[in-house]
Amino acid sequence: MTTSSEQPRTGYKRVMLKLGGEMFGGGKVGVDPDVVDNVARQIAEVAKTGAEIAVVIGGGNFFRGAELQQRGMDRARSDYMGMLGTVMNCLALQDFLGQHGVECRVQTAINMAQVAEPYLPLRAERHLEKGRVVIFGAGMGMPYFSTDTTAAQRALEIGCDVLLMAKAVDGVYSDDPRTNPDAELFTEITPKEVIEKGLKVADATAFSLCMDNKMPILVFNLLTEGNIARAISGERIGTLVES
């Protein structure tokens, strides 16, 4: 475990950026245009430098399948509602990226040809090579799989160098920093140490996919201006989870 080290990090060429849907809503139901515009601007600035950026967005600002299930809804049906929510977020981000001069394609795991391409990994890779941002919507297209898991699976299939987990905190802590002021921020940690310490990085399925396939995970604070660029360039921000 490393909590403070000056060992340099390398930058990344192709990245998967996982964004929580709650952030798009600014704490409310729906899409906050100012928030989405800010995220789009940061992504556009980095994309114009030659970085290849794929994005997965949650749908928590519209629906959360697990929460709807607790209120008596069928889990599969409520998960599909959540998937549709992610597509609305994808289209919003696509529009704002276009306003910032970046070409973008949305690919969805559920066929909806009038608004997006179907998920085709080889086509997604070609888009990235041509400098387009690719946003993956509708989760895995199947219930019981989170958007964290989608981000991990897509990152592996299209050959990303790292999974960037954008959060509202600075990284992975030894305890909840909101309730424990003495909580320690890890700058580097191994997957084994994450498990031993019971730390929360991503959901269990997503974390296992990354650990088994040696995909690094970088957890960082999206609310700090310029952090997407810093994360991709290799600056020492957030927490790097790597074997």
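Heads up, the Cβ atoms here are built off N, Cα and C, so glycines get one too.
Remember, predicted model here, so these are calculated numbers, not experimental data.
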Q. So Swiss-Prot lists GLY59, MET140, GLY141, MET142, PRO143, TYR144, PHE145, SER146, THR147 for UMP; which of ASP74, ASP79, ASP161 goes with them?
A. ASP79
Q) In whole Å, how far is LEU19 (ATP binding site) from MET142 (UMP binding site) when you measure between their Cα atoms? A) 19
